[in-house]
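Enquirer: One structure, as structure tokens, below. Some questions next.
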Amino acid sequence: MGKSVAILGAQWGDEGKGKIVDLLTDRVKYVVRYQGGHNAGHTLIINGEKTVLRLIPSGILRDNVTCLIGNGVVLSPEALMKEMGELEARGINVRDRLKISEACPLILPYHVAMDHAREAALGKNKIGTTGRGIGPAYEDKVARRGLRVSDLFDKEAFAEKLKDILDYYNFQLVHYYKVEPVDFQKTLDDVFAIADVIKGMVADVTTLLHQARKDGVNILFEGAQGTMLDIDHGTYPFVTSSNTTAGGVATGSGFGPRNLDYVLGIIKAYCTRVGSGPFTTELFDEVGAEIARKGNEFGAVTGRPRRCGWFDAVAVRRAVQINSISGFCMTKLDVLDGFEELKICTAYKMPNGEIVEYAPMAAKDWKGVEPIYETMPGWSENTFRVTKREELPQAALDYIKRIEELVGVPVDILSTGPDRVETMILRDPFAA
């Protein structure tokens, strides 16, 4: 019988999901994106060659895998064509192996214009979006005014809807934000110059998934961003615009929650965050700078430096609750090599003196929160590219064990380098 496994970030994103998805895709028939858009940046390194995927599922690098983009993904036609072009230039067959739900909302130039205008207007209070139009596209979806992939099949009706939407957006862009309007004809022409390519990949993703389940094949759901950026459960309002958690699998693909067999949460051995928002264990000293340097902590999509801090078991406990996580993959263990001591945040001290073991929901409730740390000895030995558990230093094993105890979930996979081969699978999610 086939297994259905979801892989998602259990922190603030950038945990290393792309590598692990790619690692496990040799076991599956389908890899599915179910939320987000081209704001994701999944970095894969295979035999030393680096690939960054933003929209197309990471399974595209395996010839035997069919990649699906579910209805929960907001689709930029421009970004899709650019990414397809990059892959096809390397000889990768995308068009025959990528299927797209007709219910995907489209990201169009006015979404990007609005995203930039709003962030500029917010100034120092900006959310820290990637500026790719993700939020405005999801707004249109919820407001029931958005254009979807299915609208590409009728150009006349599409043009009529586009005109109404542009009137709405351009009024705000010109009169409120004082920026240039988006041109109707150029937008229409640009979309329909590539519409036929997209239409050729449209499929009933939900039916494909349920048939795959019946046929007993393995399916992998690839999450983007991280749990603490979820629109409902993250550090609101400093969040993304989609459900990054396990519940998003069902709503973003039409694959019911009872069909998931295993949820793999990806965690770094420390914590990072990009953009604004609360981050209790953030380090502002030389240790934080050294983690950032050794971990090469710069965003795959934006290039922005990531904020770095100690492992936060409080935030990860919340991720375990929300996602029903079955097991963890811990990445970047090797980045902690050489530190004399390491700290793990085990609880938060709230401004009123209360000690809590689960993270608050809203960003405002994190104000004045202090981390309570447990200090553990570090290790001087090298863990980079170690692929056998017994070859890890005892202090590293103790560190992993303590995290397992604090969050109540086992570490089933360990990553000790960026390449897919630099990994230990202690318990295979597809055999669990």
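Placed from the backbone N, Cα and C atoms, the Cβ positions cover glycine too.
Computed from a predicted structure; not experimentally measured.
Sharing the feature lines straight out of Swiss-Prot:
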ACT_SITE  D14  active site, proton acceptor
ACT_SITE  H42  active site, proton donor
BINDING   13-19, 41-43, R306, 332-334, 415-417  GTP binding site
BINDING   D14, G41  Mg(2+) binding site
BINDING   D14, E15, G16, K17, N39, A40, G41, H42, T130, R144, Q225, T240, R304  IMP binding site
BINDING   A300, V301, T302, G303, R304, P305, R306  substrate binding site
Enquirer: Counting Cβ atoms within 10 Å across all protein chains shown, which of the binding-site residues N39, T43, T130, Q225, T416 comes out on top?
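Expert: When each Cβ's neighbours within 10 Å are tallied, Q225 leads.
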Enquirer: Just to verify a number: CA distance, T43 (GTP binding site) to R306 (substrate binding site), in angstrom, no decimals.
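Expert: Answer for this pair: 15 Å between alpha carbons.
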Enquirer: Quick one, of the binding-site residues G41, G303, P305, which Cβ has the fewest other Cβ within 10 Å?
Expert: G303
Enquirer: Using a Cβ cut-off under 8 Å and a sequence separation of 6 or more, which residues in the same chain sit near G13 (GTP binding site)?
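Expert: The list for G13 (GTP binding site) reads A224, Q225, G226, L229, T244, R273, V274, given in order along the sequence.
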Enquirer: Which residues, sitting 6 or more apart from R304 (IMP binding site) on the same chain, put a CB under 8 Å from its CB?
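Expert: The list for R304 (IMP binding site) reads V274, G275, F298, given in order along the sequence.
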Enquirer: Just to confirm: which same-chain residues, 6+ apart in sequence, have a Cβ under 8 Å from the Cβ of L333 (GTP binding site)?
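Expert: Those within reach of L333 (GTP binding site), by Cβ under 8 Å and sequence separation of 6 or more, are A269, T383, A396, I400, L414, S415, T416.
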Enquirer: Calculate the distance in Å between the alpha carbons (Cα) of P305 (substrate binding site) and D14 (active site, proton acceptor), and round it to a whole number.
Expert: 12
